Amino acid sequence: MSAIVQVINGEGEFESAGVQSFVDKNELAQCRTNYAVVAIMGPQSSGKSTLLNYVFGTDFKMMDAMEGRGQTTKGIWMSKSPKVADTTVLVMDLEGSDGRERGEDDTNFERQSALFALAVADVLLVNIWCHDIGREHGSGKPLLKTIFQVNLKLFAPEPDRKKTVLLFVIRDKTKTPLAKLTEVLEADLDRMWDSIAKPAAYSGSKMTDFFEVQYAALSHFEERYEDFQADAVHLRRRFAPDAEDTLVRGDEKLPGDAFALSIHNIWDVIRSQKDLNLPAHKVMVANIRCQEILEDQLRAFTGDQAWAGLQEAAGLGAVEGFGAQVAGLMDSCVKGYEAEALYFDSHVREDKFQELSKRLLAAVQPLYQAQVAAQTAAVLTGFEKELKLALLPEGAASSGGGFVAAAAACRAAAVKEFGMAFKKHLHIQGTPWDGAAEAAALEAALDSHIGKVRSEHVAAAVARAEKQLRSLLSAPVIALLEVCGPGMWPKLYGVCREAAAAADKQLLAGLAGYGLGAAEAEALSEGLRARARASMEGHVREAALTRLSRMKDRFQEVFSQDESRAPRMWGARDDVPAIAAAARLAAANVLAQLAVIRPPPGEGGKAQQGEQGDVIEAAVLQLARTSSDAASAPAPADGAASSSAAAPAAAAASSHGAAGAALDLLSAAAWPGVSDESRVLLAPHDVRTSWREFMSYSNVAVQQALSAQQANRLANNRLPPLWAIVAMLALGWNEAMALLFNPLLLLVVGVLVLFLRSLYVELDVERELARGALPGAISLSHKVVPACKSVLRKTTESVQQILHSIQEGQGAAAVGEGRAAAYAVDGAPNSSSNSSSRAGSGTPGPGRYTELTRRGATAAAAAAPNSPAEFTDLRAEGKKGQ
């Protein structure tokens, strides 16, 4: 009695453990490739198990006729043939096809099992009743057709390489000769092979390229039992390798130890193949008819006049009651389908109903979306209008809450309006469109519009703040750049901070109620500060481009105007070189401030900023001082104008004297400590070039001032014209005679004239009146008393010096007369005595003459510094003493 194992159970699960145990027990691994697999297929209760048991000696369960006809074998079973000794024959018994237990719809397993047998077996027995030959379904041709077609697609066998033997076992043979039966079978097989759908690689192939077809006939099991036994023995002999008509082939195959794994993989591939899941006949009919009904209902729906009218009306805008009308049309279409498809398979009917619903939704959706868009546009238009009215000065935004509250109120009203309109006009009963997605899209559009309006208002407020910033910034920055004095950069940054703070205050006040967060407000403030700095730096860069003209203007302002901003008259007391030096230093300050953009106090540290400023300014000022010293000789400045004009230069020199030695501008190629090249406005070579051009201009201006001073000096010393002298003599003859004949009056008038002239010079009347008649008169009134005291003091000192000089001259004359008398008494001295007598004579030597001249000049200068006539008299007095 041979062992039997179930390879595949009734649920289609592969029994791996049992198959592997069967292989091990039967020592299939030692057989290598010396084994053959025989399988059988056929209708249920056709005697398949009985045939295998009688032919191969197996012990498969057979049907008991006394218990009735029914399913005996469920799944796929396998056993080893004990009656075939020369080779190992593995016999597989398949579940019968067309069984009532599985029903007409469950035909998937019989196709899977038949394809499995075709793929695994070397010999496939097709059990067929004799009286079914010539029939379409009774002979199992549809099943063979299916497995042949799927076998080509799934396993792609190679033609003429390994051919599976198809042994058609004709049961219960009759008087019809076997040749006639095989002729019918071969014709049916050829026609079936030609009708199957083949892959392109097998389009011209024949059935004999893949299968070897053999035939055998057996007598009736019950009526001719002994003949059946004899026929079974004869069939068994054909499985001997040395038989003349043997069915065992020596084709290449896998070794026995891989048999279990191989058939397991084949079953997994077959189970995953969807082509075997063919529906039953009534299912196919239901598919066809329900599809036809579906298409008819869809055509009726799209061709309905009501639908066409609805489409036309929807093209013009929002349609009132659109959802109710569409729901009625769709309900009519669905009811028509359900009425006609009522008697078909429920599963198919339900599937087609779902397809109909999807296609109806697809047909309605474009029109529905258009209506939603129209309703959304109407709501958005109303919302925009309401929001615009709310933002007017007399609107809701100004009354309280600001922009945020007004926008929220308008948004809530718009959402509510859309919800009511959707429920009334757009909702289609029975569809998944409940309006949630549409409302979310509307809210997103509303939020987008609110954000856009808010951005526009914020941008407008920022523009107004920037305009105010420019107005607050331009005038102070331009004023500071006109002077470009020391300490300009801290003042510039101070102006930027103040202007940005004022503009920021206006901006935040204008955006109150717009829901600005702390981060957003800080970003706007930082933007204003950045724009202020950018605007300031833009002015500075423009100033750097016009540096030469600014230097000239600054030079002219200091050089050509006095402390009261009045033009200089270049009088005799003006120290032109000192004033020119101060003006050049002021121009140098302009160049130094415009050379590099200094960082604000918060960047780089105060120490670094101050050090950098000191180095640059000191270097430029040192260049200016060197150039001024080379252009003109130094001159003392004892007047008020020159000392006050030179004060800024002296202060700058003292503050930057130590740092000036750190940088030699004549040889420098870059500014030290400036890491950001974008801050450099003028490189050192640009500074040197600009200064050379400026010096050429300033030298011309200084020469012109010196020439004007000389001309004014000559004009003051020039005598009146001849005609004026003649007129004075003619008109003032009587007065002149009165003065000449009255010495005391003449002396008083002369002293008064000299006093008035000295007072005129001391008051500097011309300079004071140059500022204007009224300001000059007021200034002169304040200076009269101090000027009178100064003139009196100087006159007294001059008189004392003159008297002292006269006394010394008289004493020297007396000594000289005594020496002359002694010389006359003693006679001519020797050479040394002659020298002594010459020294003691009345004639003074060269040294004495020089001393007298000096004293005369000093006395004249003390008495009247601007009186050439008195200075000439003093020189004459000195000569008289000689």
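Placement of Cβ uses the backbone N, Cα and C atoms for every residue, glycine included.
Quick caveat, the model's predicted, so the values are computed rather than measured.
Quick look at what TrEMBL annotates:
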TOPO_DOM  1-719  topological domain 'Cytoplasmic'
DOMAIN    32-252  domain 'GB1/RHD3-type G'
BINDING   G42, P43, Q44, S45, S46, G47, K48, S49  GTP binding site
TRANSMEM  722-755  transmembrane segment
TOPO_DOM  765-882  topological domain 'Cytoplasmic'
COMPBIAS  826-837  compositional bias 'Low complexity'
COMPBIAS  872-882  compositional bias 'Basic and acidic residues'
Neighbour count (Cβ, 10 Å) for G42 (GTP binding site): 25
Among the binding-site residues P43, G47, which residue has the largest number of other Cβ atoms within 10 Å of its own Cβ? G47
Please compute the mean pLDDT of the model over the topological domain 'Cytoplasmic' (1-719). 81
Specify the count of other C-beta atoms within 10 Å of the C-beta of S46 (GTP binding site). 23
Neighbouring CB atoms within 10 angstroms of the CB of S49 (GTP binding site), all protein chains considered, total 23
Is it possible to get the count of other C-beta atoms within 10 angstroms of the C-beta of S45 (GTP binding site)? 19
Within 10 Å of the Cβ of K48 (GTP binding site), how many other Cβ atoms are there? 27
